[in-house]
Amino acid sequence: MVQIDIPIAFALGQIFADAARKQLLTGRPEYYFSALVKNNLFHIFFFSWIPVYFLVNYFGWETTHMWWHKDVVTDYPFFLPVFLIAFFFAANSGFWLSAFLIRKGKFLFVRVSYASIFLYSFLWVFGLWKRTSYLGSYKEWAQGTAKRVWDTSGGEPFLYMLFFSIILWFAALVFFIIILRAEGKNLILKGDKSKSTE
């Protein structure tokens, strides 16, 4: 859902910065840009296409049946370009801001921030269950004729794509976090005489 995809992109940028905190604390630009590239690779290949797929195929659901009342995303010619710009701006802003805060020693603030975004996303999905549990257009939802998300009659691929994308997204996120943590494991931080072993 676009109302949570952009905040989640911001939170994931924060998570990437947090996972690379030891690299960032060295102050070396090559570590900063290496982590930033990984953040963008994740968002390009494992996240950005997911909301685009759902916008193209399930516009009403992806917009939580609010604010945009037309049937398909192409009824709004600038929707996808604006969404993608906002999405990648959020993903990179989350990283940039968190990298700055991490260098200032504000680790807890970064973690509370991205945890709060995930809490907001959870509350959005389940707090608006009467909207988020229905497919179809806004008109179908408003008239009470929209199908539930778990109604796969007629070969509806929604649930398959939802589960596939969540599993792929989560597995890729864990992979990148492990890589970033491993890269930072034995770095010498500024002012440290010994290698970090955390």
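The chain as shown is numbered from 1 upward.
Cβ coordinates come from backbone N, Cα and C, glycine included.
These come from TrEMBL:
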- 41-59: transmembrane segment (TRANSMEM)
- 79-101: transmembrane segment (TRANSMEM)
- 108-129: transmembrane segment (TRANSMEM)
- 158-180: transmembrane segment (TRANSMEM)
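Only pairs six or more apart in sequence are counted, and the transmembrane segment (41-59) with the transmembrane segment (108-129) gives fewer than three Cβ pairs under 8 Å, not enough to call it a contact.
Using a Cβ-Cβ cut-off under 8 Å and counting only residues 6 or more beyond its ends in the same chain, the transmembrane segment (158-180) has close neighbours at 12, 15-16, 19-20, 23, 35, 38, 41-42, 45-47, 50, 53-54, 57-58, 61, 135, 149-150, 152.
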